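A short write-up of the structure that comes next.
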Amino acid sequence: MATELQCPDSMPCHNQQVNSASTPSPEQLRPGDPILDHAGGNRASRAKVTLLTGHTHCSLPAELDAGACVGSSLNSESNSGSGDSSSYDAPAGNSFLGDCELSRQIGAQLKLLPMNDQIRELQTIIRDKTASRGDFMFSADRLIRLVVEEGLNQLPYKECMVTTPTGYKYEGVKFEKGNCGVSIMRSGEAMEQGLRDCCRSIRIGKILIQSDEETQRAKVYYAKFPPDIYRRKVLLMYPILSTGNTVIEAVKVLIEHGVQPSVIILLSLFSTPHGAKSIIQEFPEITILTTEVHPVAPTHFGQKYFGTD
């Protein structure tokens, strides 16, 4: 299950329980104190400074200041938000969600896949400037599949009864009908196959949004949806959330077609704190599912995936 980001008002944002024998007890810590964590699989050889925000452990890269990503322009903000910028970013460290206030503002609408070494390796290859296109696409497709499967887990199911080959009655569940996918062209199309691999008959719509050359604002050039999309739950696919402007325009188009924000689940691979915050502020009922929140997003994704870098 994805991790919901919460920061209850009834308790301090920091000083949650830590699974480390060498870590001081919560009573000995003050809000904001760093905790040295020397445990953890392949990362045992390097201590990492961890800030505990709500129920999520957010590790801060050494080269970034703890307040750098909140209320300030990001390195990727110069892009249009289309996720197709040709510039490469420096390989990122662990996820960073900003301060407690950001977590309060975003809340449970932002869900993170549980971090493990497999996901971190895929993220590393995608961010690696020297990775071959073959390795990049292979890793991207694997990460997309993980995000899509967790996205399907957010959809409604209903109980059902089936009969096994031996005549045994088995109580299980099945999807409730009425789901569809919508990809934001062009980088969102990279996620379509991952969705079809999990749902062979699902209908997929498309939106093309680009920045206007004069105003630099996102502009809708094309939109094609299932005719009854207003009755469906929507998996909106866009791998990189930088400014959030492109997604905001896409959601506005969906609303114009009768879709309620509460039935939209945004599937992405990487998000900046600014992008996630902007979307949730505009549409508080939308759900965002991603693998990482970090000030620097790999905005070269679309160009490298489709071989136009």
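Each residue's number is its place along the chain shown, starting with 1.
The backbone N, Cα and C atoms fix where each Cβ goes, glycine too.
Swiss-Prot has this to say about the protein:
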type	residues	note
BINDING	ARG133, ARG142, GLU176, LYS177, GLY178, ASN179, ARG203, ARG232	GTP binding site
BINDING	ARG186, TYR238, PRO239, ILE240, LEU241, SER242, THR243, GLY244, ASN245, THR246	5-phospho-alpha-D-ribose 1-diphosphate binding site
BINDING	THR299, HIS300, PHE301	uracil binding site
COMPBIAS	13-26	compositional bias 'Polar residues'
MOD_RES	SER25	phosphoserine
REGION	1-41	region 'Disordered'
Distance from PHE301 (uracil binding site) back to ARG133 (GTP binding site), taken between C-alpha atoms, in Å: 11
Spatial separation of ASN245 (5-phospho-alpha-D-ribose 1-diphosphate binding site) from GLU176 (GTP binding site) - C-alpha basis, Å: 31
Proximal but sequence-remote residues of the same chain as ARG142 (GTP binding site) (Cβ under 8 Å, at least 6 apart): LEU122
Of LYS177, GLY178, ARG232, i.e. the binding-site residues, those within 10 Å of PRO239 (5-phospho-alpha-D-ribose 1-diphosphate binding site) when Cα atoms are compared: none
Least Cβ-crowded entry, counting other Cβ within 10 Å, from the binding-site residues listed as GLY178, PRO239: GLY178
Where LEU241 (5-phospho-alpha-D-ribose 1-diphosphate binding site) falls in three-state DSSP terms: strand
Of the binding-site residues listed as LYS177, GLY178, ARG186, the one whose CA lies nearest the CA of HIS300 (uracil binding site): ARG186
Densest Cβ neighbourhood among ARG133, ARG186 (binding-site residues), 10 Å radius: ARG186
Most crowded position, judged by CB atoms within 10 A, among THR243, ASN245, THR299 as binding-site residues: THR299
Inter-residue Cα distance where the pair is THR299 (uracil binding site) and LYS177 (GTP binding site), in Å: 35
Alpha-carbon distance [THR299 (uracil binding site); ASN245 (5-phospho-alpha-D-ribose 1-diphosphate binding site)] in Å: 14
Around the Cβ of LEU241 (5-phospho-alpha-D-ribose 1-diphosphate binding site), the count of other Cβ atoms that are within 10 Å: 28
Where ARG186 (5-phospho-alpha-D-ribose 1-diphosphate binding site) sits in the secondary structure, as DSSP reduces it to three classes: coil
For ASN179 (GTP binding site), nearby residues of its own chain (Cβ under 8 Å, 6 or more apart in sequence): LEU155, CYS199, ILE202, ARG232, LYS233, VAL234, LEU235
